[in-house]
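Everything on this sheet refers to the single structure shown next.
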Amino acid sequence: MALTQVSSSRCAGGFQKVFEHDSTELKCKMKFAVYLPPKAETDKCPVMYWLSGLTCTEQNFITKAGSQLAAAEHGIIIVAPDTSPRGCNIEGEDESWDFGTGAGFYIDATQDPWSTNYRMYSYVTEELPKLINTNFPTNPDKMSICGHSMGGHGALICALKNPGKYKAVSAFAPICNPLQCPWGQKAFSGYLGPDRSTWEEYDATVLAGSYSGPQLDILIDQGCDDQFLSASQLLPDNLIAVCSERKIPVVFRLQPGYDHSYFFIYSFINDHIKHHAKYLKA
């Protein structure tokens, strides 16, 4: 599990780094970003995983979200992987922005030709944490997960499918009910096939309906002027209704005037890191 350092920049008293490695799950070279707070020079730190949205790489979050100051303050390592395998030479992987490259949807594909490489769920939940815990000063028992849009969907399903693994979860404008929205239907039919019953294990709203693990306090921020909210791609009301029924605590904040962009994430990332710190330090 050799890592190659691609870049390293001093940031907020710590270091913002990018590494590359050969992924066993995805069978290609993958990059991920890792922010090491000042505390990591002397102590083991908890880890927050950030999952980005459609079209993103490991770069978007680290250059636009402004997370490093809060991560430094709370002594949290932040790991931001890419959003899909890269350079797999699969026919059709670069034809659209919401399927294939940059659109792995954090699921394990079962359909040819995607099933060999498109295993982002196993990469994020298994391979990447092992890699991080082996190579960086982490506290392996203290991890959490957060994401935006497609990555918000990823964060929610990772937490709901693995009770107790993640101490906290939060999301910005997540795709909450992919079975019912065009983005989800396109991705799931391509990666998982036509049998919609197989889609349910990757839908946060469905998973919340059967969740029976330790209490999970979910924080979700959603911009009121988000064009994808009005286009019925995100469907947060469906998730909130199920969580309310199942008594899963959700703080859902509608933010007037904010859209789907990183300007929105930048505006509230400190609240999310504070939310994670509360549970990672407990």
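Using N, Cα and C of the backbone, Cβ positions are placed for all residues, glycine too.
Bear in mind that TrEMBL entries carry predicted annotations, made automatically and left uncurated.
Pulled from TrEMBL:
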ACT_SITE  Ser149  active site, charge relay system
ACT_SITE  Asp226  active site, charge relay system
ACT_SITE  His260  active site, charge relay system
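Cβ-based neighbour count (10 Å, all protein chains) for Ser149 (active site, charge relay system) stands at 25. Long-range neighbours of Asp226 (active site, charge relay system) (same chain, six or more residues apart, CB within less than 8 Å of its CB): Ala173, Leu234, Tyr258, Asp259, His260, Phe264. Neighbour density for His260 (active site, charge relay system): within 10 A of its CB lie 21 other CB atoms from the protein chains shown.
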